[in-house]
Every structure is written in C-alpha cells, then in structure tokens.
Amino acid sequence: MKLTKTFKAFFENEKSGGLLLLFVTVISLWAANSSYSAGYIAFWEKDLAGHSITHWINDGLMTIFFLLIGLELEREIYHGELSNIKNASLPIMAAFGGMLIPAATFLALNFGTSTQNGAGIPMATDIAFAIGILSLLGDKVPASLKVFLTALAVIDDLGAIIVIAVFYTTSIGFVNLAIALGIWVFLFVLNRMKVYNLIPYLIGGVIMWYFMLNSGIHATITGVILAFVIPFGDGGEKSTSYKLQHFLHQPVAFFILPLFAIANTCIAIESNWHIGLNHPNAFGIILGLVIGKPLGILLFSSIGVSAGLCALPKNLKWAHILGAGMLGGIGFTMSIFITLLAFKDPEIIVFSKIAIIIASIISGITGFVYLRYILTTNKNT
C-alpha cells in the first residue's frame with residue numbers, strides 16, 4: 001500500500017509532534033512539582049479577559065486543532081482510506097469497539113456514582129502520541145498499519161466530538177445556536193457558489209465560534225463543522241481545503257497541542273496522590289484505556305472480518321491490530337480534554353489526569369515493546 005504525499009506529511013508532523021508532546025509533558029510536570037510550582041500554576045490560572053489562560057487554550061486554540069481534524073476527516077472521506085467502504089469499514093469497526101468497550105469498562109465500575117459522567121474519558125485516542133510512538137519503530141512498520149492507526153484515531157476523535165456535543169452539553173441557548181447554524185448554512189451556500197477565497201470562511205468561522213461558545217455547546221465543535229464547508233474541490237494542492245490543512249499541520253503539531261499539554265498537565269502531585277487511584281473513577285480510566293481499548297479494537301475488527309463487512313489488509317496480521325489497539329490506549333490530550341468537560345471538582349480532575357497519564361504511559365510502553373517484538377521477529381500470528 002502506497003502512502004500519499006498528504007498522508008506522509010501528516011504522519012511526519014504527527015511523529016515529531018508526538019515526541020514534542022512527551023518532552024513538554026515531562027517539563028510541565030517537573031515545573032508544577034518544583035520550587036517554582038506556585039508561580040507556574042498561578043500563571044496558567046491568570047485571568048485574561050474574564051477567563052484563565054488555560055480556558056482560552058481549551059476553548060479557543062483547540063478549536064483550530066478540531067478544524068484540522070475535520071479537514072483530515074473530510075480528505076479521508078473523499079480521497080483516503082474512508083473513501084472506499086471496504087477499506088473504511090475495518091478502522092470504523094475498530095474505532096467503534098475502541099470506544100464502546102472502554103466506555104462500558106468505565107461504567108461497569110462507576111455506574112450510579114458521581115463520576116459516571118466520565119465514561120467518555122477512555123474512549124479517546126491521542127493521534128500525535130500514538131503515531132509518535134509508532135514512528136519510533138522506523139521502517140519496519142507496514143504502510144497499511146500506519147494508515148490503519150491514523151484512520152482509527154481520526155474516527156476515534158470524531159466519536160469523541162460526537163460524545164462532547166451530545167453528552168457534555170448541559171444547557172443549550174437556542175438563539176445563539178440558531179445564529180451559529182445560520183452562519184454555517186451561509187458558508188455552505190458560499191461553498192456551493194464556488195467561492196474559493198478562504199477569508200470569508202475564516203471570518204464566518206470566528207463569528208460562528210463566538211455564538212457556539214454562548215450556546216452552551218462546546219465551542220470546539222465549530223472547528224469540525226467549519227471544515228466541511230471549506231471548499232474541497234478536487235482535493236489537489238491548489239484547493240482551498242488542502243492549502244488550509246497544509247498550513248495548519250505544523251502550528252497544531254508544534255504549538256497548539258504542546259501548549260494544551262503544558263497547560264493541562266500543570267499538576268501538583270501531593271504525597272498522597274496514590275489514594276485517588278483507589279477510586280473507581282481512576283480504575284475505570286486506567287482499565288478502559290489499557291485493557292478496554294485494545295480488546296475493543298481487536299474484538300470488533302475480528303467481528304467485522306468474520307461477518308464479511310471488512311477485510312484485513314494482506315500484509316497485516318491480527319498481532320498488528322492488537323498492537324495498534326495498545327497504542328490506541330494513549331488517550332492523553334483528548335482524554336484530558338473530555339475530563340475537563342466531564343467534571344467540575346478540582347480534586348477529581350487532578351486524579352483523573354494522573355490516571356490518564358499513567359494509562360497512556362502503560363499503553364505507550366506495552367504497545368511499543370509488543371509491536372517491536374512482532375515486527376522484529378516477523379512472527380506469524
């Protein structure tokens with residue numbers, strides 16, 4: 001399977017971005033637990049136009065990340081792995097299992113408790129981290145495994161977006177929502193009229209973001225729906241969608257996601273931090289990501305192939321799918337993002353973040369070691 005030029009560029013940026021995320025996370029955790037802790041934590045909570053700096057990153061800059069995800073998803077649907085139903089069905093089935101089983105695992109431990117709202121936390125996959133770890137294995141990785149993991153993670157993020165929109169919206173301001181959707185319809189009309197200039201779409205997107213923010217629906221959803229009205233054309237290098245997607249890759253990989261990681265891993269770990277891990281919430285997150293993710297991905301992929309709904313690529317074995325499932329358990333930035341929507345209690349948020357970091361480390365290490373073993377030995381499984 002050949003990799004397209006666009007996919008290669010995406011993979012390279014995500015690879016480097018994943019390694020950068022790892023670095024800044026370590027630095028942020030160190031700073032939050034050093035002699036600079038008080039000033040460091042206070043900086044991210046500093047008020048800026050009525051909200052903390054962290055809030056502006058989470059509700060503002062992350063909208064740009066979701067815009068890129070939307071553009072990637074659009075390209076996959078029109079020209080990539082998701083354009084052919086036979087090819088798309090395997091990562092779709094895998095992603096479905098990779099969301100359902102972790103959520104069910106979490107709910108099995110938390111249903112009926114004050115933390116049951118966190119079921120969406122172990123459903124997510126951090127694309128940058130997962131691909132970053134996979135890239136460390138070098139040229140041994142089959143091209144189809146790279147494509148599978150990327151498509152799986154993109155679909156996973158789409159699922160996370162739907163979860164955010166449906167389950168983490170407490171109250172809706174219908175007037176603001178109607179205005180936001182009206183702007184989207186206007187931009188859609190511009191698209192159909194073949195208006196290719198990017199400026200009106202970006203201006204409309206900013207205005208739509210403002211009204212979406214005040215509607216009660218998480219403003220980052222704006223990024224995804226905006227992506228689907230930006231002209232795609234033939235998808236070539238001169239298309240509006242391609243130009244924007246290409247432009248956003250590096251700012252997202254090397255600025256927005258690292259900034260999000262720094263701001264949201266600013267965690268002062270107390271001496272009794274392990275006590276919070278005895279809570280069903282932490283157990284649910286860790287088991288959901290470490291066990292539920294690979295189990296769900298492998299199980300539903302197997303069901304899809306057995307039922308004739310999809311096919312396993314020729315150079316992939318079930319061992320590869322299991323390894324990809326392990327890397328899918330790296331929830332990190334996306335899981336933290338959902339945590340901030342699911343909970344209001346600062347203590348629960350901190351313990352949830354610690355659980356996510358632990359689960360992501362376990363998933364990353366086990367996935368890397370396992371895939372390295374099977375790729376090195378070329379074991380037939």
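Backbone N, Cα and C define each Cβ position, glycine as well.
For reference, Swiss-Prot has these:
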- 18-38: transmembrane segment (TRANSMEM)
- 53-73: transmembrane segment (TRANSMEM)
- 89-109: transmembrane segment (TRANSMEM)
- 118-138: transmembrane segment (TRANSMEM)
- 147-167: transmembrane segment (TRANSMEM)
- 170-190: transmembrane segment (TRANSMEM)
- 210-230: transmembrane segment (TRANSMEM)
- 251-271: transmembrane segment (TRANSMEM)
- 283-303: transmembrane segment (TRANSMEM)
- 321-341: transmembrane segment (TRANSMEM)
- 348-368: transmembrane segment (TRANSMEM)
Contact count check, CB pairs under 8 angstroms to the transmembrane segment (118-138), set 18-38, 53-73, 170-190; argmax is 18-38
Checking 18-38, 147-167, 170-190, 210-230, 251-271 against the transmembrane segment (53-73) for Cβ pairs under 8 Å, the most are found for 210-230
Are there 3 or more C-beta pairs under 8 Å linking the transmembrane segment (210-230) with the transmembrane segment (89-109), counting only pairs at least 6 apart in sequence? no
Notebook entry, point to check: Considering pairs 6 or more residues apart, do the transmembrane segment (251-271) and the transmembrane segment (170-190) have at least three CB pairs under 8 Å?
Noted result: no
For the transmembrane segment (348-368), out of 18-38, 147-167, 210-230, 283-303, most C-beta pairs under 8 A are with 283-303
Between the transmembrane segment (147-167) and the stretches 18-38, 210-230, 283-303, the largest tally of CB pairs under 8 Å belongs to 210-230
